[in-house]
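According to TrEMBL:
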DOMAIN    328-610  domain 'ABC transmembrane type-1'
DOMAIN    638-862  domain 'ABC transporter'
DOMAIN    958-1238  domain 'ABC transmembrane type-1'
SIGNAL    1-24  signal peptide
TRANSMEM  50-69  transmembrane segment
TRANSMEM  89-106  transmembrane segment
TRANSMEM  149-167  transmembrane segment
TRANSMEM  179-200  transmembrane segment
TRANSMEM  363-383  transmembrane segment
TRANSMEM  442-461  transmembrane segment
TRANSMEM  467-487  transmembrane segment
TRANSMEM  544-571  transmembrane segment
TRANSMEM  951-978  transmembrane segment
TRANSMEM  998-1021  transmembrane segment
TRANSMEM  1068-1090  transmembrane segment
TRANSMEM  1096-1116  transmembrane segment
């Protein structure tokens, strides 16, 4: 009842007058003339008390909290400006004016004139308040506040409250008290000036980010009004409308939203949770006063029991503690908005009641119309402040989650990496983090929806009485249905994420090994595997969509069913119950309010269920074991004492009884058979293995060269520098030592050539030498070299050993551990460690080990043949050079040898001069290998929409639109019928033919519900079909795409299409289409109803429609481009992450983890730079579009007031009730239009990668070779030339070669000469630029690629291990081809991996 009293104007005024009359000593009374007069006015005592005190009460109540806030958030010091001086002077003048009245009251008493207490109290209170306001002006300046919201509200309230006495004094013909009359006008003028001045901003504080940032976000300097209305975003909206936005146009991310702030905040709380969990686990297991009496078996049992149920840290608690306080501010706005929502239905009741009263003054109706407008406007501003806080919280959660996952991925153990693949972790970053961000938007509905439902039911009870319980019963009956849908959705969500992870994992493997897949013609087999997983995923999506359609029908029909049952019971339970317009349309407006919480609550619950699945996944990943940073002691020289190591705590030890001591500055060689543990020893020294026993020490900085070189997607120079500063002399010494100088002339841009992902445009030897150069340039104390010479030629290996690793090399004096199979280098090392089956068999110098005739001698015998060859090559440069010189004119091989070695010697002699000549030889512009991902500009092309409609099905699309139109028509019909029903009561005061009225109303409503269900089912079928088709086209195209595309496109960019964009097409786009169609038809039906009720409203529609279209065009143009920029900036996050995971050991070894974390944070912040303006653009749009909707409410109410003589209450109620709901529908229609365009960008991006240029057909039916081809294997190259891509130089020129079947041909040449290119040409991974290749008289360019590749085989330079189907390694050997059990074991034996395979299989 209290809220009803506040909503009634008469009761409000009476209640306030009771307060002020005590102070005025019965000075006046409220009379009926106040409300019934044509020119109403409030009594003077009310003006002097309540209206004067209200702003003061606000300021004094808000000041303690505001001062506390300013003290905690000191932004700096603002210099005294003219604006600040003027505001201060005006504040002091206001204090003087107020106390002038106070002293005048004392003067009047001294003159013998009696004064009521109000003349003393009000000036005193006002004067003290003006001093407080003046103090706040200066205190804000000292704490860096450029615009004050508290003072703006205070001055605004003061002006509004002063308008009433200002009007009263103007209306009075006589002025009884001239001094107070004059002081009041001074007071009012100063208040207006203070309000105007408060709208202007002060200068930024000294030394703040706004001053130093080249492109700061204007939000930080925006005034209060600009902040509330989001006016500060207008400049970007205008720029986006004039021209497509680019990344350089975006503002810098606010410091409070950056990864630098957000990630540590979350990790701090997560560390607390983990520490709490560890405290639980560390509690004494056995609380006994006599521990010696406990048997060891009992201790073991207790330990196992404790291990079975450990206390898990709660990631949810960490999220709440990190982001909860900020989120609660938005919750407070939501609470206020919920209360204000129920004001307009009460005003609607008063408006309908006004239209019934013939003698009611018109100002009542105008006042009610204006109050409805102001209430709706206030609701709009508060709602969008709430959304702003929620969206920023969601953005911050996503930033923190990505940062936390990235940091964790750098330090998880190898055992943890088995359970969390790169694809799964990318899903955590893209899908799961996105779900948290989406959830925070409407998370407040968990408590807000029940609150709104209870308030709506309360007011409905006031309106319809106990009949509303019938509606409550309907809602209760719907609860089990919603619970069932939520439960099944959760189950399907878990299942779907499993399939999604499996699909992304497989796609990641396919893209990483795409070259091998093409060489072996495995595309079809892997496509079938992906499509099989995709089909399972779509089956789950289909079930989820059907549940969603059922849920849509439930929430659409729920308000109508509640209204139907309530009205039916109301009119049938008692004949005296008359359903008039007031009861019906006030109830209907409450039912419309009820629609939103009933709609959102199931969706929020569903989102909460999905987020709970994501929460468990993220918590599980963040709870993985980490590498122990203290496992390696950094104080002593390199040593391993009684070491026992494993790759996983549950795995058997790989290294055992390890005792190794490496003197400082010495060179230690580690040798042994394949799989004996050499690389594991290096990993143990790096701290990458689990240490079970013993001690490991490594003193000083470390440089690590892995067996498989890790190369970044950066320039060659940056790969070598690896974060170090550039020193030209040192840099060129490094290039010479690593034999990289000749390669610079081969590369198109020299050392500034961009290297593709995984060093795709470098040979294996070049990659390894770049890795060695990185190590040498780092100038570390300890060098761990894991067989770096195996990937280079023998003469290059000798050069590198002599000039880099060996006793006279650049690393002399440094501690080096070299894993090698090159026996020719062993005599030159200081010590040798021989490893056998995970242990140290022997250790000593070369001569000592030879004398022992043990494992080392056996090792030498096994590698004797290789040693002989290498040793012959290592005799010296002269021994090889001389025969080459003598045979210079005899063949090309001699020419090659001579030119190569002569060139090398010349390069060494000229030293730094080479850099000068190289600079001259460089082309003016070096084309980047990996081009930056470009974003489409302008409107999304209509063909993209048509492409999606075509994927859905043209006929199905038309049927869906018709079904939505029919359901809107049924809804309008039901409400018009209700309007006619209520007119029965206004005509004769009784109900006529109640059963018929109820029956038709029910039929129309049920028809609407059925049509909603059918349209939702139809839309779900169409969307699933479209998702299936678009994914299939993308997959088929990517498997047909030439290898050159993958050489120049980061894998993360392609994975982004298969993960994020397919997710949007699968889940986000269908719901957007559903909401767009719904809001479009609701908005259309609203305008139809209002215009049909009050035709004059069409006049107001024209300017409002112009403004609406104008705002929409500004918004959509800007929002669309922001979405594109956000999509483009998202791919580098995942590409960088994939690259980081691959090289995590190298990153940790060089202590570059902090730098890589910073790089990841920068990429995330760049992504959020485009996402944050997208959030604000929605708020900017919402305020403006809802203002148009509020104007529609205003005009609908005004026209109802002006036409009350001709309009019946039913039409008034119908028109205004529809107007009240148009605000949200108009807003959502523009939002859904933009979201549809934003989400259709995913179709555009998928379509872009579905239409890339493809390679030749896999099969050509009329050119198929015979089944037995090739019979003999004759290979002919005829004037063959080839280039890697269009626009590049030829890599093979006019090659003519004839190889007979059965011959064994060796291809030799310097790095980059084209050896690998020749093999790629045989498989047509490179297509001929000129000439042709024939195999057994069949031109390979004329037959299908699979017909060719399936008949050839190759051992590629870079191996590819495919892990799929329960981690079965056998799949790597028989990938798409089903081999028999008789074939696989001999193959494994020939490859000497059968024993290793059995060990791994038994371990797994």
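Sequential numbering from 1, following the chain as shown.
Using the three backbone atoms N, Cα and C, a Cβ is placed for every residue, glycine included.
TrEMBL: automatically predicted annotations, no manual curation.
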Review point. Excluding the flanking five residues on each side, which residues at least 6 beyond the ends of the transmembrane segment (50-69) place their CB within less than 8 Å of a CB in that stretch?
Key: 16-17, 19-20, 42, 122, 125-126, 129, 132-133, 136, 139, 150, 153-154, 157-158, 161-162, 164-165
Revision key, fill the gap. Given 89-106, 149-167, 179-200, 1068-1090, the one sharing the most C-beta pairs under 8 Å with the transmembrane segment (998-1021) is 1068-1090
Review point. Counting Cβ pairs under 8 Å that are 6 or more apart in sequence, does the total for the transmembrane segment (89-106) and the transmembrane segment (179-200) reach three or more?
Key: yes
Practice item. Could you pull out which residues elsewhere in the chain have a CB under 8 Å from any CB of the transmembrane segment (149-167), counting only those six or more residues past its ends? Key: 41-42, 44, 47-48, 51-52, 54-55, 58-59, 62-63, 66, 133, 136-137, 140, 184, 187-188, 191-192, 194-195, 198-199, 224-225, 227-228
Practice item. Check the domain 'ABC transporter' (638-862) for me and report the mean pLDDT. Key: 87
Exercise for review: Six or more residues out from either end of the transmembrane segment (951-978), which same-chain residues have a Cβ under 8 Å from its Cβ atoms?
Suggested key: 560, 567, 584, 588, 997, 1000-1001, 1004-1005, 1007-1008, 1011-1012, 1014-1015, 1018-1019, 1021-1023, 1025-1026, 1029-1030, 1077-1078, 1081-1082, 1084-1085, 1088-1089, 1214, 1218
